[in-house]
Each structure stands twice: as C-alpha cells, then as structure tokens.
C-alpha cells in the first residue's frame, strides 16, 4: 500500500466509524440489541479478515485473552452508552459527547501510567470542558442533556479501553485482538438479547450488518493496514475527525441542524482532540524507592 492509498484508507475508515451513530439511529431496536448485532456481524467480518490477512503479531496467551475479554466488556459498554445517547439526544449531541475521550485519556494516563500531565494537556482538558458546556442544551438531566451525559460516559469508557489496549495488546495481531473483544461482547450480551432476537425488524438486520461489517470489521482492517504505512500520530489526527463526519451525516440525513453555540462547542472539542493527538507522549514519572 502506497502512502497515498494509506491516507485514503484511513480517511475511509474514519468515515465508516463516523457512520455508526447514523446507523444506530436508523435501527428501531434498542441500544442493547444494536450493540449485540454490531458485535455479531463484526465477529463474522473479522473472522474473514483474519483468514485473508497475514498475521502482523503474536497470538494472545490465556492471560492476554483475559485482558482482551475485559477490553471487550469496555467496548460493549462504550457502544451501549453511545447508542443510548443517540436514541435520547440524536447523533450530533451523542457524537460531541463521545469526542471528549481525549481529555479522559490525558487525565487517566497520568493516573494509571504515572506520566506527567503537561500544562498544554490540562489546557486541552479545559477546552473540552468548555466545549461540553456550550454543547449542553440545558442544565437539567432530561432529554438532550441526559443524552450528552451518556455520550460523555461513552467517551470515558473508550478512553479506558484505549489505555487497557495499550497495556494488553502490545505485540499482538490487531485483527485477532479485535475478534476476541467482539466475541466477549457476544458472550456477555447473549443472555440478555436471546429472547429479543426473533422480534428484530427485518430492516434492522441491514443496519446491524452495516454496523458490524463496514463500521467495525472493514473500518478496523483499514486502520490496521494504514498503520503499516503511516505514522501512528498521523492516523490519530485523522481519526480525531470522526466526530466531524458523524455530525455532518446527522445534519445531512436527519436535519439535526446544530445551533451556533453547539457548533462553537463542537469546534472546541475537536480542536482539543486534534491537538492532543499531535502531542508527543511525555516521559514516565520516576518513582523513588522507599528509604
């Protein structure tokens, strides 16, 4: 893959990830069933991709599989809360809430990996908070504001997942790691979803298949393929544009026209995401031995 094709692939992957909220809104099923269906079709797609692509890392041992299973639970909870936000508040507000995840990543990295949080990173966290205040339609816990909070919770869960993946998946084949995580989602949700499967509307199966195959399996594969050519920092900046795609789709398809205040808030959140993605990782804090 040439660098030009890799850039095209990563933009296409971000575009597909940005479609997740749109497909979740189109589906009439509950957020729980949407999450289950997405994982189901993602497993099928990733099984095919794993057969077609040459492994780019080691197979996980049982300890790593336990970590991947925990990551799957976090991924499932992230999807579930995001789709709840979509159902309550719409794609735009849910996506803006989720876009706060870089701020959580900065704060949690300092706590969990003992990495120094620099002043510019604190400034980006403040920028995200200011953006969320502008995006919030009203200061109450009903309707769109509740949806925004679910979106923010989705961002927190995604940040935790990213940090867990950093600790667990190093050296592992990324496609097979994603396969294990989606299998964990299926196993966790099957007892709660089994009885509702026969009642899923026929049209929803199309949206669930697109969510699992395009927005998960294919998008993840494009991301992995582009990482073999592009720098990780380049791909992270492009993926910071995912909320832009999601909001644009919602505006175009559902006429979710944001107010000027929401646009300003979304711009602050996205700017913070891009800047955070461009920052180099700080050195780990040294721990003095106890005397």
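Glycine is no exception: its Cβ is also placed from the backbone N, Cα and C atoms.
Positions annotated as domain 'EamA' by TrEMBL: 6-135, 146-277. The transmembrane segment annotation in TrEMBL covers 31-53, 65-85, 91-113, 120-139, 145-167, 179-200, 206-225, 237-254, 260-279.
Taking residue pairs at least 6 apart in sequence, the transmembrane segment (31-53) and the transmembrane segment (65-85) share three or more C-beta contacts under 8 angstroms. Taken together, the residues of the domain 'EamA' (146-277) have an average pLDDT of 84.
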